[in-house]
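According to TrEMBL, the features are:
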TRANSMEM  B:6-27  transmembrane segment
TRANSMEM  B:39-59  transmembrane segment
TRANSMEM  B:65-88  transmembrane segment
TRANSMEM  B:100-119  transmembrane segment
TRANSMEM  B:139-164  transmembrane segment
TRANSMEM  B:193-215  transmembrane segment
TRANSMEM  B:221-240  transmembrane segment
TRANSMEM  B:247-265  transmembrane segment
TRANSMEM  B:271-290  transmembrane segment
Amino acid sequence: MRKTHILSLAVTAMMLAGCGQGLLGNGGGAQDEAKGPIRLGMLVPQSGSEAAIGPYMTNAAQLAIDEINAKGGVLGRQLQLTAADDACDAQTAVAAANKVVTEGVEVSIGGYCSGATLPTLPVFGKANIPMIIPAANSQELVDQKLKHVFLINGTGTQQAEAAGKWIAKQGATRVALMHDNTSYSKDIAVRTQPMLGDKAVITEAVTPKESDYSANIHNVLQKKPDFVYWTGYFQEGGLIIRQLRQAGFKGSIMVGDGSVSAKLGEIAGPEVDGVFATMTPIPDTLPDAKGWIDSYTKKFGSAPGPYSNQAYDAVRLAAEAISKAGSTDSAKVISALEGINGFTMFSGPLKFTPEHTLSAGGFQILVWKGGKFALQDALS
Amino acid sequence: MTQLVWNGLFVGSFYALVALGYSMVYGIIKLLNFAHGDLYMLGAFSGFAVLSALGGVSAAMTLPVLLAVLLLTMVSTGLAGVVLERVAYRPLRGAPRLSLLITAVGASFAIEYGMRIVAGPDPQVYPVRLSGTAFEVFGASLTLPQLVLIGVAVVLMVGLHLLVAKTREGRAMRAIALDPRTSSLMGIDVNAVISRTFFIGSALAGAAGVMAGAYYGKIDFLMGFLIGLKAFTAAVIGGIGNIPGTMLGGLVLGLLESFGTYWLGGEWRDVFAFGVLILFLTVRPTGLLGERVTERV
C-alpha cells in the first residue's frame, strides 16, 4: 500500500516536471501544486551573542514579502516567511535547518554567521532547497562549489581586497590583524595578510565572548603597529578598540563588516571616533534608500540596521528567480538565479560569477563620525 | 614582562572572586554549582539597573557611587543565590549527586535565558565607566581603576578568609564540610548555614560582576558562561574546597593565560590554560593547596 503510494507520487512528480518543461512552460507546474503559500526559510541569530542582528534581517525580509504579496505574490501564490533561530551556533543551526526543511520551505534566504551557516549547506542541499545567503560571506561557503548556494554579500576575498587597498592608501607600514578564530573572521584576516606582504607584522587570534583582551593587545603592541584591523564581530570589537586606546595605541583602527553596528560605538565609548570599517552599502550610505528606510521605520518602529538591505534583497531575488523559473522546482530556480543579469539590488545590478558570488563586492570604507558610521571612501 | 604579570594578576583577581563561591559551595555540599557564573551576570545586571535608575553621576562621585552600588549589588546577588539554593538545590539534598549536577546546569540556563527575556538579547553598556590615564610602575602600565578593583578584590578575599577561619559562622561551615550529619547532631542548623554560604559566595560573584561591568563596560546575558568555566578551572588548580588555594588558583590561571598568550599566541591560550587543568586533574587532582583526602564521599 505504502509502496504504491510513493510510486504514484513519483509518477505525478515526473509528470509535473515534464509539464513544466513542455507545453505549459509558463507556470504550469506551479499551478498544479498546492495553492498554499510559498515558504521562504530564514535562519538568523535570534539568541546568543549576535542576537541583535536577527530582527534587522527578519523585519526587512517581512517588509519585502508584504510588498510582494500586496502586488499579488509570486505565480499567484503568497510568500510566507519561516524564520528560525540559529543562535550563531553550528549545532543549533543544523537543528533549525532541519526544522524549516520539515516545514516545507522552498528557498532559504537566511545565513548571518558563516560558522553557523556552513554546516547547514548539506541539510538544504539534501532537501534540494536553493540558498540565497544574504549576509554570511566566508569564502568557505562557496569553496565546495555547491550548486544550490548563492552569496549576495561580498565575500571574504573581496573584503580583504578592499581592506588591502585602504591600508595602502593610508600609507600604513606596520599592520596588525586581529580575528576571533571563527570561520568568517579568520577568513578575512588570512586573506588580507597576503595583500599587505611584509607590512603585516602580526596576526593575533582572540577568544570571543571574553571581557579582557589585555594579553592579546600586549602581543599586538609589542610589534609596534601603526594600523590594526579587527575582522570579528562588534561585541569584542568595541572592547578591543577601547582597550587598545587605553593601552596607549595611537595608530588607526579598522573593523570588518561584522562590527558595523551602533553598539560598537556604545561599547567602545568615545574611543570609537575615527575608526574605519570595511562594509558593503548600509541603509545610511545608500543614496536612494530614503523612502525605503522610512517605510521600514514606519512598519517596525525602529530604523533598519546592518544587513537589513541584503535580507530585503534576498527575498526580492528569491521571488524574481521563482517567477522566472515559473515554478519552485529547485533545478529551475537555480538556473534562473544563474541566468540573472542586471537585477537591481541595493548593492547595484546583480550578476553572479560562476562560483555564485557577486561579480562586484561593493565594499566601501566607512568611518565613525558624530555618533555613527558614515561613508569615507567608496573605493571605486 | 612586568606588564604580563600585571595583566595576569588583574584578570586573575576576577577569576579568584568568582571561583571562591564555586569552591565554598563545593566544599560544603559537594555540589558543582554551574549556575555560579550566572550569578556573576546577575550581579552585573543588577548594578546596571541601579546605575541606570540613578541617572547621571558626576565624574568626581564615580568611585563612591560605584562602591555603594557594589554593596547594594552584593546584597541582592547574595539573596538571589539564597533563592537559587532554596528552589533548585535544597529539595534535592538527599538525591544522588548527578541529579544535583543536572539541576545546576538547568538552573544556569534558566537564569541566562530568564535575563534574556527581562533585559533583551542585546549587550548593554554601563552608564558609568571607570577609566583613568595609565602610569608606569616597573615598566608595566596600569591605571588607578585597576588598582582600586584589585584592592576591592583583596579586601573581599581577606574578609572572607577571616570569616571562615576565625568566626563561629566559619567554624560551622567547616564542620558541615567535614560531616553534615554529625554537625546537625551537634546542634548546627545545617540548612541555615548552607543558605548563608550561598549568600556569601553569590555576593562575591555579584561584586565581580559589577566590577567587570564598570571596568569593561559591556554586559550581556551570556557573560557568565565563560567566566564560570574559568572560575571552575581556577578552583581546581588551587584546590577546590580550599579557600586560600582557590584565591591562588585564580591568580595562577590569570598568569597562565597571560603568559600562554605571550609564548604561544592568542589562538593557543585556552589550549594552554585548559591543558594545565587536565594536567592538574590527572597529576594532582586535589590542586595546589588542597589536602589529600583518603576517603571521598
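Each Cβ is built from the backbone N, Cα and C atoms, and glycine gets one as well.
At the 8 Å Cβ cutoff, the transmembrane segment (B:139-164) and the transmembrane segment (B:6-27) share at least 3 close pairs (sequence separation 6 or more) and count as touching. Taking pairs at least six residues apart, the transmembrane segment (B:100-119) and the transmembrane segment (B:39-59) share three or more Cβ pairs below 8 Å and count as touching. Most Cβ pairs under 8 Å with the transmembrane segment (B:39-59) belong to B:193-215, among the candidate stretches B:6-27, B:65-88, B:193-215, B:221-240, B:247-265. Sequence-remote contacts of a segment are chain residues at least 6 beyond its ends whose Cβ falls under 8 Å from one of its Cβ atoms, and for the transmembrane segment (B:193-215) they are 14, 17-18, 20-22, 24-25, 28-29, 33, 36-37, 39-48, 66, 69-70, 73-82, 84-86, 90, 126, 128-130, 145-146, 149, 152-153, 156, 160, 163, 169, 172-173, 176, 223-224, 227. Below 8 angstroms of C-beta separation, residues 33, 36-37, 39-40, 81, 140, 142, 146, 149-150, 153-154, 156-157, 160, 164, 173, 177, 197-198, 200-202, 204-205, 207-208, 211-212, 227-228, 230-232, 234-235, 238, 240-243, 245-259 of the same chain, each at least six residues beyond the ends of the transmembrane segment (B:6-27), sit close to that stretch.
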